[in-house]
Every structure is written in structure tokens, then in C-alpha cells.
Amino acid sequence: DFGRSSELAFVVEPSDDIAVQEQPLILYCQVEGIQPITITWRKNGVMIVDSENAFMLANGSLYVSRFQRVRGDGSSDEGEYDCMAQNHYGLVVSRKAKIQAATMSDFHIHPQNAVVEEGGVARFQCQIHGLPEPVILWHKNSMPVNTDNERYTLLPKGVLQITGLRAEDSGIFHCVATNIANVKFSREARLTVSGSRSSVYKDPMILVGPENLTLTVHQTAVLECIATGNPRPIVSWSRLDGRPIGVEGIQVLGTGNLMISDLTVQHSGIYVCAANKPGTRVRRTAQGSLVVQAPAEFVQHPQSISRPVGTTAIFTCVAQGEPPPQITWLRNGQILETSDHIKLKNNNSTLSIYGINQADEAIYQCLAENSAGSTQASARLTVLWADGLPSPPQAVRAETVSATTIQVSWEKPLQNTKEIIGYVLHIRKAADPVEMEYQEAVSKSTFQQLVTDLEPSTSYSFYIKAYTSRGASKASEVTVVSTLGEVPAMPSLFIKVINSTTVQATWEPSIKLGQHEGFKLYYRKVHLSQYTGPVLLASNVTAYNITHLDASMVYEVKLLAYNQHGDGNSTVRFVSLRETVERTVLNPPCDCMKDEQANKTSTTGIIIGIHIGVTCIIFCILFLMFGYRGRLLMCKNVQEQLSTPQIPRSQRSATGLVLNGATRRDRDDRDLNGKQLDMNELERLFPVSPSLEQQEKGITSAHSPSAPHDETQISTLPLDEFSVIEEQPDPLPKNPHGSNPAAPAPDHGPANEG
């Protein structure tokens, strides 16, 4: 038996039983362990004293000589029995055995007369209660029914089904109920088979559907379903949850009864019986629930352990069953009560014992119980204690230093101090459970410890243990002290100017400030020493308007939170109303509707302006590109014109200077309309220097063989400074001979106008 305490454990425990009236009863109990072992019995929690009727045998079993359900004094031998075993290691209690008296009641359902046509179905039922469950058999004409006949089906609950009725099935039927308590007979019922098989169509119909059943694992369940109809319906079974019924342990009795052997918890569910008309979807259904219970059994047993004094012992006991079992812990046979150092967790599956001492040494039992049964398992706790360990530290004191700090001091133990290697300070909030305790290690030469990071206004408990390489001393006396209260933290203050005489102070919600009762608000003009206030505000207030201020002054605003421990640190802000007044004068209040319309108009204008600007830029770029190209061509033609032989100045006014090109005889007729250069303008722009006339080489104009030579000095013309004035050409003088061969022919090439 896994997890059993080797010092004391059960080998055989009493089991549930049904006793027969006036018959002897034996309840078995066998224990192993270290002798001497004492065994006693209890019934319903009361110790059984040996008597003539009930006494304990030498092997520890209980013998009841004449079991009686009710005795003359009103007592009964029925009840819950358990066996207790004890030695010097502890005490254990067996599982509870439920003892009941065998009984049988009268029949409360008897078979009824029936008249059924040939080929139909007959059903008889009788019902009776008893302990143990009575076995019911059927008799026909005072003879047991032939169960080898496949048309006869006997169900465990006292039902007889006869299908495909024939004339020879007519007769008188009754049932016989038997158990260890009695044998009883039901009343008789007559079955009459009439007429011949009918061919009239009948819809399928379920005569009797399945009942709701509650059984225990390993038992057998029979779900009844009997249907009639013409043609004979087909009976089928399914689960309402859609899961398959399976085949193992499944059997069909008669024409449609479902029997499930060796039940498990997985068989629990709602079962549906369907009667189907062959070849169609016409069907009738009936359903019943099956609940399978399982007695409690252990998945994990508690284990015997040994632990030094002052440490923690943990026992784990996990049980399963259907319904889920309840777990109870015993200590030496008595129900274990929780305390500060004994805790139960995880639905009582885990037992924790903190700071164990020698008084905790015992046998601990886990009892798992549900409606289907109970079981128990035990384990022993051994507390290790070494001789020569130090005595507990002395004179433990704790003094409050601040809201988060306490100083603990102590004196060394009175005995066995040579082997001490250090001390351990155990710290816990006084209101917390023991498992929330934490420790701080201290060197052996230190007799005080500053405990920090504590919570304000909170009580803490402290105790000390001295440790050696062989174990720890017992715990010192526990001392409890509280930390000081803490004032609230600084609030975050913000100032907003509402108008020229009002400002609004706002701050964070109170939850961020710790424990506090409210706020105090002060304000003053910066050149004054006296504050206005305090203005007392509740803890849930987060804003306050300060009114009737001087618009020309600068103000100081101060806010702090307070509680029963005092005022917290304040937050200070400065605010000037002068700038607000100046901004109001410079920027008077606007008409919002007008501003909105103006904004819309301004936006439209901006968009149009952007389009116009882009268009102008494009035209400017094109103009510059073509203008620059024209100037290049123009300057080139002028240079060519100026570099050709020139006519005398006296003749220029008459002949003119043709721009951009030399004479071309094939275009003389069109030359009269050409554009001429204003020579006066050229002379004004480009005067001829006398010195240059002497230095530069003259250019001879040879328009005719007889023309005199005229030397003309040419100046260099920068392109960027060159401009042309366009004028109407003067009429050319008439040649007396009808032509002017000496006149230069105008060039009809491209001309650039500037």
C-alpha cells in the first residue's frame, strides 16, 4: 500500500456489508506496525465496549453474535463502524464501513391482466424493494418461465416481455422475489392472446421507454425500450451528446433493450431510444439518464516525512471519484483543526505545517469520502531534534524607526552558543497567514537588524532562531510592533488661466497619493509674505477655481495633501495674469462666424493664387528660353552686318543699315519693306573714339566699282548691352536710271526684333 506509514498502518479494513437479522456478523480489521499496538472499535463515532453481543477477537476483528435491526432498548446494530489502531508513534483510523440490515418489503407493483392480439407484445411488471436487491423470477402456470425461449425477455427490475405473441403464450403469470432476508410471491395475472395477426397499418409507438438510473461502477445497467407498430418498428439507441455508445460490454436484450455491463464513469449520459418505421423516416423517441458513481480512491497518497524543528512539513493527498470526494484530515485519529501554523489548501488536498515543533509529531490521515464510498491513507511526521542545540535567542525587541523601517535587536542564547553560525529573523505582517512569512539571515556576530521596505501604519511580528550546522534552535518569543503613519505624497499641480481675474488649479486623482484625508490650497501675490488659505478640499476633488485676482499681478499657488499623520510636501506653481490682459488688448475677441467665413475665403484665395503663380512661372521660363535664343541669333547677324563693307555715313540715312544680313540680289524686290537700324541711336550707344580710328583697320565698302573708299571704325558690341529700336523705314531715293545698284540689298533671312 503506497504511502503507508511503516510505523503503523492497516492491512485489512472493514468493508460495507448487509447483515441478516438474528445472524452473526464479523467486521475485519488487521494492522501492522511497531508493537505494542492497541485496537479499538467505534460505531457512529462512539467507542464500543466489549459485551455479550459485540466483542473484539484476538486478531482485531469485531464479532456481533446476533445482529438486530432494532433491539428491545431501541438501539440498533446498523450504523457506520471503524477500527482504530494506536502505538507510541500515533493513532490511525480505518475507513468507515456502512452496515445495514437485510430487508424485503411487500410488492408495491403487481402484474396486471392483459389481452393482446396475436403477433403483438405483452409486458408484465412487478416491483419490490429490499436489501440486498431482490432477484425476481417469473412463473407461468406455477412453473418457471423458460428463459431459453428468445421471445421471452426477463429484465433485472422485474419486467417480463413477450414478443411475437402466439396462442400458446396464454396463461397465468406471477413473479417470485428472493434475497437473504426473505422470499415473496406477487399476485397472479392472466395473459389472453386473441384473434389472428392484423394487417392494418399502425404507426410506431414506444410502449415503455428507459428510466433514469443511478448506479455504481462495475454494476450492470439495463435500459428498457419496447415498441409496437405494423410493420414492426426497428429499435435503435444513441447518446444525446453524440458520443458513440461503443461495443464492449454492450448487449441488446429482446427486441430493443440495452444492457451495459461493468459500468464505468464514462458510461454516464442521456440515452435515446428510437422506434423507426422500416424504409421511412417516421420515428418515435424516448430518453432516460444514466448516472454512474465511483467511490473515492487515491491518485496520490501522503508520504511519511522527517523534518527538523522550525521547518515546514507538507503532506499531499489527491483523490478522485464521482461525485468528487470530500477530503478530511485527522491527526492521531482526531479531526485536524487549522491554526496559524497549520493550513489546508487546494480543496484540502495539501496540508502545510509551518514552524514545526516536537508537539507536531504524529500520524496524519487523509480521508476521502463521497456517496459511493470512502477510503483513507496515513503518513507520519517525524520531528528531528538534535541534542546540544542552542536555546532560543533572548530579549527580542523591535523599535519603529520610520513609516517603512523597524529595527529589531536581540541577545544571544543562554546555552550552547559555541556552534552558532548565524541567526535568521522571521518577518510577517501580523494580519497575514504564516505562509506569507519571509526571513532575513544575519551573521553570528550581529545582534540587530534594520528591516526596511515595510508598509506604513502596519503591524509586523518578528522572532529569531539561532542556527548551527546540526539544526536550528527553538523560536524566540514573538514581538509585534507597528510602523509609523506616512504623510501623503506631493500632488501634481497644474494652473490654467481662465480669464483676467480667474485661474483654475487642477491635480491628479487622489488614488496616486496614498492614504490622505483631503487637500489644502494656498495662494498669494508674490511680493507678499502672507498666503490666502488654506482652502480645505475633500479627497475626491481634483480642481478648484481661484477668482477675484488682480490682473496686473503675479501669483504663487501652493497645494498639499494631508492625513491624520500630518501634511505632505507641497507643490508650488507661479502664474501671471498680466500677459493675459495684454494679449486680450492686442488680440480682441473675434467674431467666430466671421473668422470662419474669412478662413474659408482666405483658403480659396490661396488656392487661386497658387495656380496663377505657377502659370506665371511657366510663361516666364518659356519667355526667357525663346528670348535668349532670339538674342543669340540677333547678335550674330549684327556682327556679320558690321563686319561687311560699309557705305559712307553720308549715304546711311538714305540707304539705311539693314539688320541681320548682307545684300542678296535675288531678294531686292522684297528688301524695301525690311527693318532698318536707327544709326543715330547706334552712334549714341556706341560712340567712335578718335584714337581707335587711327589704330583700327578700316573696312572698305565696295558696293560699286566707282564708289569711293570710306574707312569706318567698328566697336565691339557686347550682346547683353545691345538693343535695337524698330522704326518705320524712310523711302529710298529714286535712282535717275531707275535702279540703285549701289544700294545694299536687304537680307530676307530671319530677323529678331528687340
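Our numbering is plain: 1 for the first residue shown, then up by one each step along the chain.
Cβ from N, Cα, C; glycine included.
As given in TrEMBL:
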| type | residues | note |
| --- | --- | --- |
| COMPBIAS | 663-673 | compositional bias 'Basic and acidic residues' |
| DOMAIN | 392-486 | domain 'Fibronectin type-III' |
| DOMAIN | 487-583 | domain 'Fibronectin type-III' |
| REGION | 644-754 | region 'Disordered' |
| TRANSMEM | 606-626 | transmembrane segment |
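Applying DSSP to the domain 'Fibronectin type-III' (392-486) sorts its residues as follows: 3 helix, 46 strand, 46 coil.
Confidence annotation: the domain 'Fibronectin type-III' (392-486) carries a mean pLDDT of 89 in the model.
Each residue of the domain 'Fibronectin type-III' (487-583) gets a DSSP state, and the totals for helix, strand and coil are 10 helix, 50 strand, 37 coil.
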